[in-house]
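The block underneath contains the structure these notes are about, expressed in structure tokens.
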Amino acid sequence: MQRRGALFGMPGGSGGRKMAAGDIGELLVPHMPTIRVPRSGDRVYKNECAFSYDSPNSEGGLYVCMNTFLAFGREHVERHFRKTGQSVYMHLKRHVREKVRGASGGALPKRRNSKIFLDLDTDDDLNSDDYEYEDEAKLVIFPDHYEIALPNIEELPALVTIACDAVLSSKSPYRKQDPDTWENELPVSKYANNLTQLDNGVRIPPSGWKCARCDLRENLWLNLTDGSVLCGKWFFDSSGGNGHALEHYRDMGYPLAVKLGTITPDGADVYSFQEEEPVLDPHLAKHLAHFGIDMLHMHGTENGLQDNDIKLRVSEWEVIQESGTKLKPMYGPGYTGLKNLGNSCYLSSVMQAIFSIPEFQRAYVGNLPRIFDYSPLDPTQDFNTQMTKLGHGLLSGQYSKPPVKSELIEQVMKEEHKPQQNGISPRMFKAFVSKSHPEFSSNRQQDAQEFFLHLVNLVERNRIGSENPSDVFRFLVEERIQCCQTRKVRYTERVDYLMQLPVAMEAATNKDELIAYELTRREAEANRRPLPELVRAKIPFSACLQAFSEPENVDDFWSSALQAKSAGVKTSRFASFPEYLVVQIKKFTFGLDWVPKKFDVSIDMPDLLDINHLRARGLQPGEEELPDISPPIVIPDDSKDRLMNQLIDPSDIDESSVMQLAEMGFPLEACRKAVYFTGNMGAEVAFNWIIVHMEEPDFAEPLTMPGYGGAASAGASVFGASGLDNQPPEEIVAIITSMGFQRNQAIQALRATNNNLERALDWIFSHPEFEEDSDFVIEMENNANANIISEAKPEGPRVKDGSGTYELFAFISHMGTSTMSGHYICHIKKEGRWVIYNDHKVCASERPPKDLGYMYFYRRIPS
């Protein structure tokens, strides 16, 4: 039976008031225009508050606005009422109780509310055999908190009844988003339901596979009809092979094959030769069991790697997660975990580290009232609001309370159970920060380092006034390139947010052990014997730091002194030191087969780090600078005709490509220019533009484009005229110089063609003999300076320079063979002790594996 108790007390107010039957219709009349029935495109948030992690399971329940369908906890619903004037909310409450035990001790079947069933997608485990729940819904009218119990068909207007039913039966907005997160959804094979499988006694071993017709041990496919193991071919697998699986299909006609090494409890890569495309096999577990493969106990070995590669890393998982030790759970402010949404541990680890930094705490949680009060009408789509919500959830301690013995006894006596919070769910945060990114918006595992840069980019773009907490990571890198032939040098600076440290494998201190282990491992694999105990390479941190500072060769370096390509050498130094230094260990690389591989190494990362010796010194006495001349770009004739068509409206720039480039560490404005000047042809093409132009002085300056007017008359410029007769507008000059031509070329070409961009380009291509006329250039520059008001010099990059001495306070570790798989956890030093954050589990760390980390966070030691 539905519980009809009074509404929990509102903030600073009394409990709810119940209405007499005759008053309900009259009370709702003034609010009817604001009550809506959810349409198909509306998102109904009835699982989680927009400002907090309150849910229907929370003590105060959840309030769903009957106009916007946003949800608010008890502490935040008044804010929404004051801001919007919306008065009618649906209050949802789920009561969880311990099940009544039968005479034999078994739990009785779960009871549900006979009138109300909320289709809630909460993260609490309410399907346990020990608990049952009862759902309650009512309409609440603000500001007097009048309550109308639901359902109430007899007394409510028809529109209100329809709206309430639609809200109660609506699906979670995150479920609606799920289909969009998967690209290229595969069709179900028409052969899967009635697939013939031969009873030939074939049993497939868990490892040691080999093509039945050649010696290949990778890219192997198991035919699901006869159990043949044969190699694939590049056109449907993209990793090479001799095509024996396809030949077998042509000979026998058996249509389906599964790629060995991709089988997991969640599925596998299945290909249909008959349908000529990857497909889904809904009966895959049954088809694999026919050949002795237990799909539920298989672990994927990505891209054809052997299962032994996974077994070798068992010790890595155990060490990083501190398995085998009894870890003490931590509760309270700063000790709240994040639930895993399915491959979301990369996000959880980064956010735990981010919100352990005081500058981020102050910028978001410290400004919580202001950010929440001035949030847009839909706070679920506001970055600063969702950052503040997440930060408060992690730091407040509100969702990390230890169980109290007296409360447990009282709950047992009342047969009621209040679920202990096992962390908060970052669903709303992840949905927003990943929606514009093709990778992070998927449900696949991602690289924590890439997400860190993605987050920094979002912080930069959504800065709160003059406050930008990501400034603590920003530093300047000085790159010195020397032409080996002329010995002349060029110094440039760029902005970066993390230090990428190479793994100096050649400096391993246990080389003899590694060689012996590798020989033993190969012999064991060949003879199918148990693998030897893992021997991990031990790399001195000093060797990695030395590898970072050593000069590197620059292939195809264009020397402006020679006006030709030459050998070059590049060295990198810190032009400034950040307040917080993030160090990424470059553990991941690609093998000869382009398969991602991970260096399984142990590096003695220091607790105290001094990199003052890496401070940049700039141009040294006796050094001669390379001339400031850009390399020419050769554009084929057929490209000239398309050049003008590639220029797009700046408002149509592909922001996803811009963000992908920005996450590589390039300035945001440079990324926008790269995407613009390559005609929205994708991040890869834009990246090539960046490589060519990154040394130009205006590389990071904002993209400024002239407006396009109506059709120009013959011989007239398509751009607006400048204040000086026939003086080329700076915007047009910038377009041409961004294509690699010299400034004086651009100016003379535009003057010769009356500032017509297309004709100016043709003029440049038809005058290859053009040489710089210094008198002409000087005269023109003087005229330009006399007639054009120069803008103020743009503010330089914001950096917080200081000493290069640091102490370690957090690190993120990765377990697995690739950034696209495995698991991430985070260790943070708080209150003088290390704490392990493993998704929703937060415990005191006994043996923090500082030598196995992937990303390290250092804070500056005040000098």
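Just so you know, glycine gets a Cβ as well, placed from its N, Cα and C.
Here the structure is a predicted model, which means the values were calculated and not measured.
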Practice problem: From K389, K405, K414, name the one Swiss-Prot lists as SUMO2 cross-link. | Solution: K405
Quiz item: Among the residues T34, T122, T262, which does Swiss-Prot list with the feature phosphothreonine?
Solution: T122
Exercise. Out of S114, S396, S400, S470, report back the residue that Swiss-Prot marks as phosphoserine.
Key: S114
Quiz item: Which one of K171, K210, K311, K435 gets the tag SUMO2 cross-link in Swiss-Prot?
Solution: K311
Quiz prompt | Least Cβ-crowded entry, counting other Cβ within 10 Å, from the binding-site residues listed as C211, C214, C231 | solution = C214
Quiz item: Cα-Cα separation of H244 (Zn(2+) binding site) and H823 (active site, proton acceptor), in Å?
Solution: 35
Quiz item: Just counting, how many other CB atoms are there within 10 A of the CB of H244 (Zn(2+) binding site)?
Solution: 21
Self-check item: DSSP-derived class (H/G/I helix, E/B strand, else coil) of C211 (Zn(2+) binding site)
Solution: coil
Quiz prompt | Between H823 (active site, proton acceptor) and C231 (Zn(2+) binding site), the C-alpha gap once rounded to whole angstrom | solution = 30
Quiz item: So which other residues, same chain and not among C211, C214, C231, H244, have a Cβ within 8 Å of the centroid of the Cβ atoms at the Zn(2+) site?
Solution: A212, R213, D215, L216, L220, L230, G241, N242, G243, A245
Quiz item: Which three-state DSSP class does H244 (Zn(2+) binding site) fall into?
Solution: helix
